[in-house]
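Reading through the structure tokens given below for one structure.
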Amino acid sequence: MLDASGCSWAMWTWALLQLLLLVGPGGCLNRQELFPFGPGQGDLELEAGDDVVSPSLELIGELSFYDRTDITSVYVTTNGIIAMSEPPATEYHPGTFPPSFGSVAPFLADLDTTDGLGNVYYREDLSPFIIQMAAEYVQRGFPEVSFQPTSVVVVTWESVAPYGGPSSSPAEEGKRNTFQAVLASSNSSSYAIFLYPEDGLQFFTTFSKKDESQVPAVVGFSKGLVGFLWKSNGAYNIFANDRESIENLAKSSNAGHQGVWVFEIGSPATAKGVVSADVNLDLDDDGADYEDEDYDLVTSHLGLEDVATPSPSHSPRRGYPDPHNVPRILSPGYEATERPRGVPTERTRSFQLPAERFPQHHPQVIDVDEVEETGVVFSYNTGSQQTCANNRHQCSVHAECRDYATGFCCRCVANYTGNGRQCVAEGSPQRVNGKVKGRIFVGSSQVPVVFENTDLHSYVVMNHGRSYTAISTIPETVGYSLLPLAPIGGIIGWMFAVEQDGFKNGFSITGGEFTRQAEVTFLGHPGKLVLKQQFSGIDEHGHLTISTELEGRVPQIPYGASVHIEPYTELYHYSSSVITSSSTREYTVMEPDQDGAAPSHTHIYQWRQTITFQECAHDDARPALPSTQQLSVDSVFVLYNKEERILRYALSNSIGPVRDGSPDALQNPCYIGTHGCDSNAACRPGPGTQFTCECSIGFRGDGQTCYDIDECSEQPSRCGNHAVCNNLPGTFRCECVEGYHFSDRGTCVAAEDQRPINYCETGLHNCDIPQRAQCIYMGGSSYTCSCLPGFSGDGRACRDVDECQHSRCHPDAFCYNTPGSFTCQCKPGYQGDGFRCMPGEVSKTRCQLEREHILGAAGGADAQRPTLQGMFVPQCDEYGHYVPTQCHHSTGYCWCVDRDGRELEGSRTPPGMRPPCLSTVAPPIHQGPVVPTAVIPLPPGTHLLFAQTGKIERLPLERNTMKKTEAKAFLHIPAKVIIGLAFDCVDKVVYWTDISEPSIGRASLHGGEPTTIIRQDLGSPEGIALDHLGRTIFWTDSQLDRIEVAKMDGTQRRVLFDTGLVNPRGIVTDPVRGNLYWTDWNRDNPKIETSHMDGTNRRILAQDNLGLPNGLTFDAFSSQLCWVDAGTHRAECLNPAQPGRRKVLEGLQYPFAVTSYGKNLYYTDWKTNSVIAMDLAISKEMDTFHPHKQTRLYGITIALSQCPQGHNYCSVNNGGCTHLCLPTPGSRTCRCPDNTLGVDCIERK
């Protein structure tokens, strides 16, 4: 290695410098040999600071870059980048490569000129001297090329300092870097010249604000994001990215002169990658030519590797690996593509620093376009030998790490399956979650059907090899036409196919971390469909994650048709890190009945797919994987539900040897999935057709029936001090209590010195601006970014969705796009809401007509006209609907009305009092964007959940304090009016009532789509409660005047009470004691009642001194029943087992719903539109939370981090009941649903 300190070359004048460049190589590059720079040369100077980006430098000439030839402006940054477009303000570049924009990076690092000692200069220069100087540098690097530039961009970083960060050391102080980048362009090509003078690089790493650690600089080029509908990284090239290679920049060269590096960056030859110069650094004075031995010495000395693909007649240079037989990498997630085979030329040869010097980065020449085209990905061993000593964390917690001669490998322990990096319990059901987006042309249509952010959920019964996949919110225009594409979910079946002896399914091979690209050709139909799927392993919830993209054209299948696919087999061909398969299959389309006949047609389509993954090649002793395996799909079921817009695929899969026909009936049942083991058990094959069933880890039983082991109950102290144990199916989870965090030893320690950081609160996150995205705090120091409704992206970069491009409005309406929203307005001469427009003037509503009739104004009511004394005039809202509360201004009486203006019985109140009326008309949503209804998962801890029209928001609690700055939306369904809320602490699911549809729905706190469980035979469902022990829900219906019960999935409904009720609203349960409580705010006879949960022993608890009792809550710890009254403006409590009531607080404004937690009551108030905390012990309001959007608040409940202790007679085995098990004090009652037709149901006590 040359020593820079040993350079003793004399200084030369500029003229002699040019002569030396032409005659032969020089020594180390002196600063005087840089291109002239500074204000005297006409340079612009970048503003001093950190992370500064220059204004656009408009170019006179055009710059070529990769396959682009239209770049007319560039941007210069403090951090050693020349950008082809303006860098996003939210993107942090140092320590990450490639960035999202086109970039030339002579020294990408976190650089700082805040102190004013360093400077960044830049200009475009057309002077003959500079143009000739650039031409000579290029000529040195590419002697076979005749290049005469017409424009030169010169950028100089002079004496720039590193951003030190909090970990800066005194040894780094005073160190400065000077380097230069020159972009020379002609009409046909562009070149980059990087110049690193002697002693110009004094530091090689900088502090990363993102990773909070020292990271090496990067030298490279990036095309940036490419693609129209779906963005992905384009081609990029890295030439240095560790300390040793960065140090070599001033000592080495690819253009024959130390410190000089030349690259061809824009020409027909660079469409797939930047081309490095290939001129040896001459180490001898006589300038003699060298043989290959010397070439090997020099390139090895410089840290360069020839990665060009040799032709059969051209062997790789000695000392370098054949690119078609490269070692495999162990570090996950980094890929390099095979270069296209063909005869190499000097123009296509690429150089890169040796792979073993880059343990944390991608191999250097990456061609994403070729990955997408061929799907072939090879893994490179990018690091020196790695051992388990410092890489154990790369293995699953259920795996062991083993060292081998060339590296380490992970292997799952007994009773677990996977590839070692990812392991799951054998026989345990698996869940797969992900997103799907598509751009699909149906039939001959020229307009694509576009959908984004669509949920995919899959459930896998592993020991039977059955996979059930559902894709939600698929438009009907494309839903039926996607029915033949069962392999969208079939890849999940391959992952968990039943394994025959000696054969491996996809998860055993890949661990659920791979990329799949498939191409579907429909014979006899033009066009094709491309399917891309990325599996990203197991997330923190134990679920596999997948992203799916669909693009292309499919044949049209008639609405209402069904598709039948016969069982089939598919051969999978295996080689290192690559799996391929192709097949030709049939599917039959059966059209809907027409005149008693159902026409059917059989079609043929071809599938070709490539799966790329990373494997561990260090374990030579492991059994070799068969080169070909056969996937047998024994049953295929496909369905499109147009009402729910859900696409479903179900397949049964096994993997084994190549054979003809269906699986042998004499095979072991474990291999073909015909055993009778529990879904939480593993099937163990024995001799012949014998087998045994063994419950999976975390379950107990005989294998035929397995029960979850409650590890938390069996060993309550297993999580240690300051921790809470949460039981989960098959496992458990320990969570540190507030104020503690896990130490390296897995115990909870006080977080005094390492408090978690809420980056959302501090603003130190990388989410897009608040106008486009929200930062969602997930607990600890973690957060996630989510684009706001009306924007799309990953949350870090969100772009406005132009809804008007998708023809959202009626053809006779104007569409106005706005950031995050859009508006539809009927054209003149048409009436409607913009989504439906009809000729004519806008018709008046019933309320408007009645109001005008009473006022005697046929042409419209005069707002200034006085109302006749004693006359009732209805009040209409801004949309023409009846205001839910109507009042007679002469008498002072008020009452509730339905949507048709009819008075609701029992709602009339005397002067000075207004009844708590609910609007059954959902607010219009056409003024905003289509809001996705996906649930935003809740972080750990206890939360208040409250409803605000169609939105449910969460408000974290720390002990009894509301953490108001962390309030976020949990769920938003714009078309609904959510009234009541209840929380199931067992499954972590929130239930609600909706009076606009009307319906009852639910959603999991872990995320996913909300579902409706009841939508039939409802009037105005309001209050809702549940029995988390007996697994039932209860609700009140103020229109049908009844109280009902059902199972938690909405089945087995039974009416408990339908008499003696006028306006039932609040309802709560005491599952441990078997009691039910509810309010009835009938103005003539308001009351609070109770009964056993089976409907027996009904009685009145409170009747006197009540006004409008709304909300109701029961505290299981203190056995107190509390309520809020909007008529008396009080909060009161009582113990149902004891006489007497206690006034907690008077002077409440207009309380609606209430819940309790610890010593506090929390209630929603209609007048202040707020959530108020009230201390029961001192009878005082302690805090108030005002949501960002000031609209009416409805139900409120508490989402507990764990269930309260207790049980009832329905807790175990449904109390021995065949259907509804309803607890009573000290017992239970078995009840049948109201509709028992054809149901074998037994009622008993």
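Cβ coordinates are placed from backbone N, Cα and C, and glycine is handled just like the others.
What Swiss-Prot records for Cys388-Cys401, Cys395-Cys410, Cys409-Cys616, Cys670-Cys683, Cys736-Cys748, Cys760-Cys775, Cys767-Cys785, Cys787-Cys798, Cys809-Cys824, Cys847-Cys876, Cys896-Cys917, Cys1217-Cys1230 (among others) is disulfide bond. The O-linked glycosylation site annotation in Swiss-Prot covers Thr299, Ser331, Thr337, Thr345, Thr348, Thr920, Thr933. Marked as region 'Disordered' by Swiss-Prot: 307-344. Residues or ranges marked as repeat 'LDL-receptor class B 1' in Swiss-Prot: 988-1030. Annotation source Swiss-Prot lists repeat 'LDL-receptor class B 2' at 1031-1073. Annotation comment: Swiss-Prot describes 1074-1118 as repeat 'LDL-receptor class B 3'. Look at Swiss-Prot and you will find His457, Tyr459, Arg648 tagged as site 'Involved in perlecan binding'.
Taking Cβ-Cβ distances under 8 Å and a sequence separation of 6 or more, the neighbours of Cys767 (disulfide bond) in its chain are Thr90, Cys760, Ala773, Gln774, Cys775, Tyr783, Cys785, Gly795, Arg796.
Long-range neighbours of the repeat 'LDL-receptor class B 1' (988-1030) within the same chain, counting only residues 6 or more positions beyond its ends whose Cβ lies under 8 Å from a Cβ of the stretch, are 433, 455, 457, 472-473, 541, 918, 920-922, 933-938, 945, 947, 952, 970-971, 973, 975-982, 1036-1040, 1046, 1048-1050, 1053, 1064-1069, 1071-1072, 1076, 1078-1079, 1093, 1112, 1195, 1197, 1199, 1203, 1206-1208, 1210-1211, 1214-1215, 1221-1223, 1228. For Cys876 (disulfide bond), the number of other Cβ atoms no farther than 10 Å from its own Cβ, over all displayed protein chains, is 21. Within its own chain, the repeat 'LDL-receptor class B 2' (1031-1073) has Cβ neighbours under 8 Å at 898, 904-907, 916, 980, 982, 984, 986, 991, 993, 1000, 1013-1014, 1017-1025, 1079-1082, 1084-1085, 1091, 1093-1095, 1098, 1109-1114, 1116, 1119, 1121, 1123, 1136, 1153-1154, 1206-1208, 1210, 1214, 1219-1223, 1225, 1231-1235, counting only residues six or more beyond its boundaries. Shown in sequence order, Gly1215, Gly1216, Cys1217, Thr1218, His1219, Leu1220, Cys1221, Leu1222, Ile1242, Glu1243, Arg1244, Lys1245 are the residues of the chain, 6+ apart in sequence, with a C-beta less than 8 angstroms from the C-beta of Cys1230 (disulfide bond).
This prediction places the mean pLDDT of the repeat 'LDL-receptor class B 2' (1031-1073) at 94. Within 10 Å of the Cα of Cys798 (disulfide bond), not one of the disulfide-bonded residues from the list Cys395, Cys409, Cys748 places its own Cα. Following the DSSP three-state reduction, the secondary structure of Cys760 (disulfide bond) is helix. Here the disulfide-bonded residues are Cys787, Cys809, Cys824, and the one whose Cβ sees the fewest other Cβ atoms within 10 Å is Cys824. Closest to Cys410 (disulfide bond) in space, going by CA atoms and restricting to the disulfide-bonded residues Cys787, Cys847, Cys876, is Cys787. Separation of the C-alpha atoms of Cys876 (disulfide bond) and Cys809 (disulfide bond): 27 Å, rounded to the nearest whole number. When the neighbouring Cβ atoms lying within 10 Å are counted for each of the disulfide-bonded residues (Cys798, Cys1217), the highest count belongs to Cys798. Here the repeat 'LDL-receptor class B 3' (1074-1118) is broken down by DSSP into helix, strand and coil counts: 0 helix, 23 strand, 22 coil. For Cys395 (disulfide bond), the number of other Cβ atoms no farther than 10 Å from its own Cβ, over all displayed protein chains, is 22.
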